[in-house]
Structures are given as C-alpha cells and as structure tokens.
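Novice: The structure is given below, and queries will be raised subsequently.
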Amino acid sequence: MRSRQRMFAAVMRLLLKCLRLGRRRRFKLVRQVEQLWHYGHLCLRSLLYNSFTNGDVVLDSLFEPVYWLVDHVTRWFGVVFVALVIGLTSSIVAIVYICLLPLILQTYTPAWICWHLAYGHWNLIMIVFHYYMAITTSPGHPPQAKNDLTGVSICRKCIAPKPARTHHCSICNRCVLKMDHHCPWLNNCVGHYNHRYFFSFCLFMTMGCIYCSISGWEMFRDAYAAIERMKLIEKERLQVAANQTYYQTPPPTFSFRQRAFHKSVVYLWVLCSSVALALGALTLWHAALITRGETSIERHINRKERQRLQKKGKVSRACSTGAGWGRARCDVPLPILQIFRNPYSYGSWDNWKVFLGVDVPRHWLTRVLLPSPHLPHGTGLNWDLPPCVTEQRAPLLAI
C-alpha cells in the first residue's frame, strides 16, 4: 500500500515538473517574440523618423540582403570566373593556331603573313602579361598601425587609418588604396598598384577581339554558308535513305574534321565579336574616368558633392565640370562662381601620363607598347604632385 502511494506521488511530481517546464518554454518563446517585435518596430521607426533618411537610404536598407548575397557569391565564384577567362582565351588561341594559321600560311602573301604573325603574337603577349599581373599584383592596402599621415580618416569597418582615395571592399573585407572596384574576372580588387594592369588587359583584349573579328569576317561567312549547306545535304541524304533499304547505316557525307573546322570558325567570330562589344564599352568607360583623373567610386562621390554644392549655390549649375575657377563658360550671364573639379585631376594629358607612368618620351615604347612591371607614381598613401606633371594645380573646390 505504501509503495503504491510512493509511486503515485512520484508520478504526480514528475507531471508537475513537466507542466512547469512547458510553461517556462512558453514564456521564453513569448519573450523572444516580443523582443523581435520591439526590434522590428525600432528599425521601422529609425527609417521613418530619422531626419537624414531619404529614398537612397530606404533602398539601400531593402537591398542589403541582395548586397550580402552578391558579395558572398562573388567571393566564392572568383576562381570560376578566372578559369572561365583562361579557358575561353585558350580556346580562341587554339583555334587560331590549329585551324586558321595553316590557312593563312597557304593563301596570304608574305607581307600579310608577317603582319599577322607580328601583330597577333604581340597582342597575345600583352594580354597574357597584363592579365597575369592584374591577378597576382596586390592592389595595395593601408597600414593597420598608426602613422604620421595627415588628413586620414578611420574606416568604420576596419577601425584602422583610411588615407585619401582609400575605400573598404566588402568582398575582400579590407581597405584598398585608390580602389576602383572589385573585379570578379580577376578575383581581385582593382586599386593603386594594379589599376594600370587591369585597364591594359581590357584594352589589349578588346584590340585582339576586334582584330580576330575583322580578320575572320570572310572566313566566318564561308564557314556559316558551309554549315548551312551541310545541313541541307544531310537532310536530303536522310530523305533518300528513308526510301531505301540498307543493311547498315550509310556513312556521313562530311567528315568530322570538316564539321569541326567550320563550327570552330563560327564560334571564334561570335565569341570575339561579343567580347569586343561588351569589353570595348567597359574600356571606353574607364578611359573616360582616367581622362578625368577619377575612379569609379570617386565619380559617384564627386557627382554627389557637386550636386550638394550646387544646391547651396557655391558652384555653377550650368558648367560645373570645368577645370578651374572663374566665370562659367556658357551663353547665359552668370555671377562669378567657383567651378567644381576633381582635386586629383592634373588635366587630360597629364592624367594619362600619371596613370601609365610615362615620365620621358621613350616610356611610351618601353612602358606602354611593351610589357613593363613598373610601379605607379606614389605609394597610394599621399598624393603629391608627380614629376611628369607639367603645370601646378590651382586651388580647387572639391572633396
């Protein structure tokens, strides 16, 4: 009798413990839901009642998950993009050597053969050299320790000194000197030390694709017509074979080598033409930025700053992209206003000389037309006047 009472008491105590535990879990879940609700309400109020909030801030907040996904996908797929560039370029070079070069040697005159061999191999060497250097060269990173640089800010993500023209890359998770952008096709940032290699690769790759497209236009037309002829003849052969009795399948009319040759020529022309259009547009865009002495990020910053100063009436609205101070050059009479200009611009011609590292005239051959691993001007930490600049800069109203 006593054993039954003890067993009943133990069961009741266990049941009460389970009830208390379930109640605690319910209370804990309710508290978590309340915390999430309060946090979401606070975030919503910070977006709606902040005096600094505008449409750009709201869009950035809404697209933050997309930015996070793009950063991580770009980080992991950088190696795949590099392998894709190497694979596609190697396939084009293989087609040229295996299919087109024997045809060129048999049909072209000696002068044209020398031209194609010289220009083609020079262009290929420049592409390979600049792509390898753009991948392997570090864009440059600011020192993490304190230094004697003046006018530097602190990166909010690295909590480290951030010199002028330095920006934080969310993909590399580091600050980059004179950052232009993060290129997934390089699996590397484009910055102070490899910006020239990146632009030179884009330029010479575009030139090579245009060269292949123009030189292979007649071959492409003949190859495309031959493929259409093959399809028509093959269709007629199958129709005839369907009305006859064969003990075995009839052999194909055209050999595998003939089919592979014509399809390779079509593949080469289509790929080179597509890359020439896309990469050519990108190259022209970066050439315009280099002419103005800006990077991709600085163009956005300077545009915002120009608009801000225009609203305050400190710079001219009509001609705010001039190269100095004084009266704006326009037909409408305007008061003498300051003209906004990029503070790191030395003029169009000098910007190119500084970017390419041309100090003396012979450098146009040794440093531009031939592979050269020379370093850019400066360290990327300060921006003193380079020795190749011919004129001193005037005081500017810019960031």
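Note: Cβ is positioned from N, Cα and C throughout, glycine not excepted.
Just so you know, TrEMBL annotations are computer predictions that nobody has curated.
The model shown is predicted, which means the values in this text are computed figures rather than measured ones.
The feature transmembrane segment is assigned by TrEMBL to 76-100, 112-133, 197-220, 265-288. The feature domain 'Palmitoyltransferase DHHC' is assigned by TrEMBL to 153-300.
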Novice: Residues sitting near the transmembrane segment (112-133): Cβ under 8 Å, six or more positions beyond its termini, same chain?
Specialist: 85, 89, 93, 96, 104-105, 186, 194, 197-198, 200-201, 204-205, 207-208, 211, 215, 371, 373
Novice: What is the three-state DSSP composition of the domain 'Palmitoyltransferase DHHC' (153-300), stated as helix, strand and coil residue counts?
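Specialist: Across the domain 'Palmitoyltransferase DHHC' (153-300), DSSP assigns the residues as follows: 89 helix, 16 strand, 43 coil.
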Novice: Tell me, roughly as an integer, the mean pLDDT over the domain 'Palmitoyltransferase DHHC' (153-300).
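Specialist: The answer is 87, the mean pLDDT of the model over that range.
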